[in-house]
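Pulled from TrEMBL, these are the features on record:
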type	residues	note
TRANSMEM	B:32-52	transmembrane segment
TRANSMEM	B:64-83	transmembrane segment
TRANSMEM	B:90-112	transmembrane segment
TRANSMEM	B:124-144	transmembrane segment
TRANSMEM	B:151-169	transmembrane segment
TRANSMEM	B:240-260	transmembrane segment
TRANSMEM	B:289-307	transmembrane segment
TRANSMEM	B:319-337	transmembrane segment
TRANSMEM	B:344-365	transmembrane segment
TRANSMEM	B:400-418	transmembrane segment
REGION	B:429-457	region 'Disordered'
COMPBIAS	B:436-448	compositional bias 'Basic and acidic residues'
C-alpha cells in the first residue's frame, strides 16, 4: 500500500501512461505475431480474412445497438440496462412480422404470430431467406424498428419520464427492472425455447474480392444496411437542427432548456432514433445467426456496453469505433485462444483500455 | 411496514446511540424485533400456503426450511453488498463473480484427487479459508482498476469482471489442467463435484465424529430431540441444522458489519459515500479504504457463494449467472440500501414473497382447480373471443415461474419511482459520529413526525 500512499498527482499520470505504453506494446506484439503466423503459414490468409470479415459483421451489429445506447446515455445520463432486451424486442417483433407476411397462405396464423412457438411451422416451409421471401424480410425490418420505438417510448412514458432528475444510479437500477420485465414478457408470449428463424444465407459467386469467391448475401446486406444507417445518422447529427440540439443537451441540459431547446422533444427524438437503430440491430442479428432466443439481446448487452465504454460514453462515433473494435477483438482473438474465451478477450480489452484512459478512447467528448 | 410503524421513532439514531435510544431500548433489540416480525409474516404466509396445498406437517417444515435457507443466503450476500453500496457507495454488480470464485476455490481445494475433475483433496475448513482468501484477492485485483472510475463505469466493469470469471470457469480450457504438476479440473460447462458441504457440515455438527451411527453430539441432541418429537424425517432435520448454521453466519456477518460501520474506519466509508472529495481533503486515504472494504465485502460474497450455491457438493457456471446479482440488488433495495436490518428483512421478503411464493401458488392452483393448459398464449386469446377466460388464465398460471421475473422487474421499478429508500432505508447509517437530532430542543424533535426518521438527507 505504500505505493498508494506516496502517489502524487504527477506520478499517477505517468503510471497511467506507463500502463498505456505497456498495453500498446502488448497489442503491437500481437500484431507482429499475427503477421509472423501468416508469413510462416501457421495461419492461412483465408482464415484470417474470414475472422476479419466476421469481426466487421459482428462489429456493425454491436455498433448499431451501441449507438442507440450511447445516445440515450448522452441525453438522459444513465446506463440503460434494458438496451439488450430492446434488441430482443426488435428481433422478435420484426421476425414475427416477417413470418406473418411470409406465412400468408402457407402457414397457420396462430403459429406465425408467435414466431413458431408451437413448432407448427418452419423456416424451410416459409423459405425464409433473402431471396426466398424478400418482401417479408423487408417488412420485418421496418416493423422491427417501429415496434422497438413504440416499446421504448412506452417504457419512457411509464418509467423514465417520472425519474428525469433522479440521477444516474436510480435510473440504472430502474432500467434493470425494465430489462427483467421486458425479457420475461417476451417469454410469456414466445416461450423459452431457442428457435431457428431463418434458413442459411444464399451465396453469390463472384470474382470481385480476393479472399473468398462466394459472398454471403445475409452478411453482406447486413453490412450495407449498417453502414448506410450510420452515414444517415452522421448526416442527421451534423447537418440538422436536431443534431445540434442533441449535442447541446448532451453538454448541458439546463443551459439547453434556457436557450429554448424543447428538451422533452429532443428526448423523444433520441428514443426514436436510438430505439430504431437498436431494433434494426436485433433484427439483423437473427439474419446472421439464424437463431433467436429470449436471451439473445441480454447476452449481447455487455458487449454493447463494452463498445460504448471503449468509445467513451456519449460519443456516437466512439460507439461505432468501439463496436468495430469489440467485434474484431471477439473474432481475431480466435487466432490465439479457444472459441469459448473470445468474450473474455473483449471484456479484458475493455477493462485494460479503461485503466489506460478512464473515460474511454474518445472520452470526454459527450457530444452526440 | 411503513414509516409510521412503531419502530419509526429511533430511525434517526446515529451510531452514537447505537446501544441505547430515547426509550432506553437497545437498538439491536429493535433490529431483532423487526427481523422477527418479517420472519413471522413470511412463515405465516408459507404455513397458510402449505396448508392450502395440502402438505403434511413434515412438508410444511421442509418448505419453511427451504425458504429460510434461501432467505439467509440472500441476506448474507445482501449484507456484503450493503457494505459495498450502502456504506461506501461502491455500486458493485459483479456479485455473482465473487461468489463463483469462493465456491470454485473451495471445490478445487476439497475435491478428491481421483475424481473425474480432480482437486487437492484437502479438508473442508481449508477449502473455506482458501475460498475466502481467493474471493478477497480477486476483489483486490478488480478494485485496482475499477475504483478510479465513475460510478456507472465502475458498475459495468464489475459486471464485466464477473462475466469474465464465469466464462473462464465455463471454458473447456480449464476443464482439466496442470498447476505446478498438480492435476486440477473445473469441469468446464459440466461443473465439478466435491464433498457435499451441506451433509458434511450438518452431520459433523449433529453426530459424534460426523458418523450417524455413533450417536448424537451435544449440538445435535436438541435438534434430534425436536425432530423425534415432531416426527420429522432425518433429512429435514439435517436441512434445518445446516440452515441454523447459515442463520448463525448471517448473525455473525451482521455483527461484524455493524461493528465496522460504527468504527472510525466505518465513518470513513460513510464519508466516502457522502462526498469522497471532502473525505480525501481531510487527509483520509480513500483509495486504500475503498480497496480494503471492497476486499472484505468480496470475501463475504465468496463465503455466501460457498455456503449457498456450493452447498450441494456440486458447482457449475450456470449457478453464477448475472441474474443472481440482481436478485441480491432487489432484496437490498426492498429492505433499503444502507441499513443492515433492511438487508436481512429485504432478503426475507424477497425470498419468501417474490421468489418462492409464485411457484407455490402455481402448485396450489394446480392441485385445487382443473384449469386447461393451452400450449401457447394464442389459444388462450382465441378462447377469450368465445368469452372463456379459463384457457388464458391457465396459461398464465403455467407461466407463473417466468412471470415472477416480470414481477421482480415491476417491483424494482416501482421501488425506484415511489420508494427509493426501501422499507428501512431511512435507518441509513449516517456519516456523522454524533446524533445530530439530539442537539435540537425536545419539542422540535417530535419522534412521530415524518422528519424524525430522516437522518440521511
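Cβ atoms here come from the backbone N, Cα and C positions, even for glycine.
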Maximum Cβ pairs under 8 Å to the transmembrane segment (B:32-52) - stretch from the list B:90-112, B:319-337, B:344-365, B:400-418: B:344-365
Segment proximity, the transmembrane segment (B:400-418) to the transmembrane segment (B:90-112), 3 or more C-beta pairs under 8 Å: no
Result, the transmembrane segment (B:64-83) in contact with the transmembrane segment (B:344-365) (3+ CB pairs under 8 Å): yes
Non-local residues, at least 6 beyond the ends, that sit with Cβ under 8 Å of the transmembrane segment (B:289-307): 73, 76-77, 79-81, 83-84, 87-88, 90, 92, 95, 98-103, 105-106, 127-128, 131-140, 142-144, 147, 197, 245-246, 249, 253, 260, 265, 268-269, 272, 320
Residues of the parent chain within Cβ reach of the transmembrane segment (B:319-337), under 8 Å, 6 or more residues beyond its termini: 74-75, 77-78, 81-82, 85-86, 93-97, 99-100, 103, 159, 162-163, 165-166, 169, 191, 305, 309, 343-347, 349-351, 354-355, 408, 411-412, 415-416, 420-428
Long-range neighbours of the transmembrane segment (B:151-169), counting only residues six or more past its ends (CB under 8 A): 89-98, 100-101, 104, 138, 142, 145, 186, 188, 317, 320-322, 325
